[in-house]
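Annotation comment: TrEMBL describes 39-125, 870-962, 1072-1161 as domain 'Ig-like'. The region 'Disordered' annotation in TrEMBL covers 401-466. The annotation compositional bias 'Basic and acidic residues' is assigned in TrEMBL to 428-445. The domain 'Fibronectin type-III' annotation in TrEMBL covers 672-768, 773-870, 967-1060.
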Amino acid sequence: AWIPKKKGLQDVGIKKNLRSPGVMITQFIETLPEGKSHPDFTRKPIALTIQEGKFAFFKAIVTGDPQPTVTWSRNNGDVSDTSRYQTKYDPNSNEHTFEMPNVKPDQADTYKCFATNEFGQAIVTVVLNVIEGKDCLLSIDDKLIKIRPKAEQPERKEGEIDPKFWELLISAEKKDYERICSEFGVTDFRWMLKKLNEMKKEREEEQAAFVKNLSNLKPIEVNPDGIASFEIDMDLIDPSSSIFIYKDGVMVPYTKELGDQMKHSLKQVGRKYIFSVRDLMPDDAGLYQLDVGDVNMFSTDFKIPMVDFLVKIQEVKAIEREDAVFECVLSNPFSKILWFGKNLPLEQGDKYDIQVSEDKLIHRLVVKDCMVVDKGIYSACAGIKSCNAWLIVEADKDAPKGKKSARKTTRAGGSGVDLQKVAQEQQAKLEKDREERKEQIKVAKEAAAAAPPPESPPATAGVKTEVASTGKKNLCMHSNVNMEPGITCGLSDIYALRGNPAELSVKMNMDRDGSWFKDGEQLNSGAGVNIKKDGTSHKLTIQSCRDDDSGVYRFVSGDQNTQGKVTVGDVPEFDPDDLHKFSKPVIIRVGQNAAFKMPFPPQESLVVSWFRDGTEIKDGGGVKIVREPNHSRLLLRDCLRTDAGEIKIQLKNPFGAVEATSQLIVLDRPGPPEGPVETVETTSSIIEIKWNPPKDDGGSAVTNYIIERQQAGQNLWTKLGDVSADKTSFRDRNVTHGKKYNYRIYAENPEGLSDTLETTDSIMAGIMILSGPPGAPKVVSATKSCIKLTWSPPEDDRGVPIIGYQLEKRKKDTNQWIALNAVKEPIEDVNYAVKDITEGAEYEFRVSAINESGSGDPSPPSEMVCAKNPNMRPCFKDPEDFIVVRAGNSVRIKICYEAEPPPQITWLKDDEPISPWFHIVNTEGMSQLVIPSSKRSDSAIYTIKAKNSVGEASFDIEVRVTDEPKTPGPVELEQTVQGKVVISWAPSPDEELDDRLYYMVSQRDSNTRMWKTVADRLFTKTYTAINILPGIEYHFRVYAKNDMGLSDPSQSPTWGVNNNRVNSTNVCFERPPSILVPLKVHTPPKGYQLYMTCAVRGCPTPTVSWYLNDVCINFDNNYYITNSFGVCSMFILRVRQQDSGNYKVVAVNSLGKAECSTKLIVKGKVNLL
């Protein structure tokens, strides 16, 4: 609907934008100027639910020409306070941002974003929800358990159960109860079940206030695509209820609209809600809870085991019907990992064998009896770590053709390394780590036992001593001189650089002697070791650390002792050749992968990190980081220009760190030249334009610019030339005065052409010269669907050739002229048929001449004309005057006509009114007479009459209802003249009912044995056959024929040999039928062809019939049966199981009968390979 605008006489149209649902667009004029557009949102603000005190913001991107102005408002309040509301615009990304720092609960509201220009306005609404309070937890008055953030959890008393235990039980299945109780140390199951039932009942009562039904609770798990998700089905009572997600009691921000772009997303499909976590990291583990309002609906615990792949699965190439093996080794024992094939989970069964070693470090997947369909990508997932590889299945070239190859006993694949050795080394390493941890715990307990009682306050502060070159400090405790001897500052583990000094220091609470030991052996000063005592301080100095200085050092004084471990090593270092090779820049093109590899000597406790422009690069997404014992690789997939920069690898161990730097250069075609295109000069013969260089040269310098031109109104772009990179202007000297041109410019570098910079408006050569008005349009004819117009060219074209015309229409009682064609699509002739009209409406028209400068002055309007058909007498269009119908079928007589005004239709039968059983269907321009079930008596002349105020017309249609004729009567033969035979017959019973019935005569002689038609369209009942020769037998057949076809024939007596027989000798050739060659037994496979034959003789020629299980099959279309001079054949194209049985051939003539039989056995189906 169009709503008048308050200012001016323009109209305002309101329409829903199809590209961005939820945007209301108000257009101020019906037809936008060429090249202009109303505002629209290409990115809408997203609804936000946020915690009080956080930073809230909305972002939007708008389009429109001219550039729209963007403003923000809220339904219940003002947004002018700049301390609470800030509006920003980024010209590079074209983003408009509305920010609310430190958001408050009173700012929760519905906000609107307005984008306005002179042609329209676009509005979008967005809701901000603010959660009050800092903990975002359930109310303290709630009786059920609540999960607090870890920082706010109170210290539990001994024997108190973790609240997380109850939350997991409420959402878990019964089969998981025992496992959860074992994890939390609960052994009283009877008490647990009783308590759980009470809590479940209370929770369900609270949930009933928000949901109607809750089902299909699926705990969180990692999917094949590396995304963790959990699902829940629920029917919300109020669909607008707020849904919150918590992790360990802390609210998780998520999105519903950008699920593929943000880490957390909540997707709704019908009544199913799916929460997903992307780019998994170890800190994503925790208890996830879904709340509706302030009531918990579902809780699930996400555990991420600390495990990695020491040996990953490798690509396997297998031959068809061979087993394929994928195997890997883990860094920690894992009872079961997940295997996936082509993104589908795999389970133990007939097809797949999943094996785990006794130490649970080696895992194998065996794909049994590989076929081509098993080809694809297979992956192994352990926690959040995964690896994948291809399975390629090749056809068995040695397999016999047409047969299935035998199952092979060989296996393809494997990792190519000694997995058992790798697993044993890892097992030894894990055992060593466990022993070290036990030793550390033991030392800590001994140190705690040697410490003074806590109620005795220290008299002097302990002294902290740094270990040389490491910055590590010894464990110091306070002491009191009045107490029993004790160590106040003991030893700790230190790392010392090879060749540098190291110092161990012990502080006691009184002056006492002590001894130093290394790996159980007592140490004395000398040989690079210096032991010194200064009062209560004891020091051991290693002057220059060597590898054999590593060990466990222990200080003993009386019954007091302390120990620490000294590890001697070096800062990691790179090989100079590898460092030089790595420092060379890596140059790639956009879309390619960039790979960096840095070898280094194998070391323990080595941390490898990669950085780009000072920011650490994490594994995931388009980044793949591979860490091997002696090297590390970085792979950046599908690089963009923004990925270019400094790439750095850092090796770090307890002794220090070393770095190596390289450069990544990503080459691309340049960005488009900077606009807008400016017109420097325009004359009748020259147009000069200029532009600015592109912001991004694509990594290599721009070499030149290419300029193309398009004449306004045409589609062809023509290259004008190119200019060097230091010149950003171009003069076009090949222009025509008055014509408009569009230009576009490309920037070119060695990588290719940039996107184009185009002129926003066409540029005219010289000044605009418009044509004068043409003559007023004249109406040639008018109907309800078309009005034909003609006009005369303008008297003054003002020296510029006319290329066409623009036609406009105006409906009566309106002021708006509507163009029927665009200026770019001119009407080339001076006449036009207008079809965009409404029946019964009145219109007037005007026309303007179009030249190269545009549309000129409009002509005077035409006379008002009404869109309706002119009055005319009825006339019929291409009717049929004769119709033949088989008796019993329906008769449909369809007659089309033209008349204005619509006529009155009348049907007659033989000039009499038709029967009420007949149906008449009248529509606009057509009338139809229907006789549902016709009889011979319905044959007649039917007349249709059409009459209106202008005149009348009628038309006759002959309808003949008939059927196939009956057979003529007996045929008689008589010879009156030598060589001629008169054939006569009795008439067909249908001759009296059908005046179009006639007869046809066929003849066959004993020489040719072929029937041929000798007479047709006979309306008499006699015919004289000529050229009748003696000694030859003749047979004649007489058929009745009408519009529906032929009758069955009436056979004549035999004429010929018997009639002219010479009675000198009594010779008889007649004999009963006999079988010359019998049928044979056939056993073809199912689907094969079958050809069965036998030979029969007899005189007269016997009639041969075929039988299957005593059922005649002569007329069955599944069998092709022939009889050629006594050779009887039966052919089956593809034998079926039901074709099996006893087949019999029976030959019969007037003298007797002969028969033979056989059996057909169809074998089962044969598999063809």
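Backbone N, Cα and C define each Cβ position, glycine as well.
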Helix, strand and coil totals (DSSP H, G, I; E, B; other) for the domain 'Fibronectin type-III' (967-1060): 0 helix, 46 strand, 48 coil
Can you work out which residues elsewhere in the same chain, 6+ from the ends of the compositional bias 'Basic and acidic residues' (428-445), have a Cβ less than 8 Å from its Cβ atoms? 332, 563
Which residue counts does DSSP yield for the domain 'Ig-like' (1072-1161) in the helix, strand and coil classes, in that order? 3 helix, 55 strand, 32 coil
Which numbers of helix, strand and coil residues does DSSP report for the compositional bias 'Basic and acidic residues' (428-445)? 18 helix, 0 strand, 0 coil
Checked against DSSP, the composition of the domain 'Fibronectin type-III' (672-768) is 0 helix, 51 strand, 46 coil
Mind tallying the domain 'Fibronectin type-III' (773-870) by DSSP state, helix then strand then coil? 0 helix, 41 strand, 57 coil
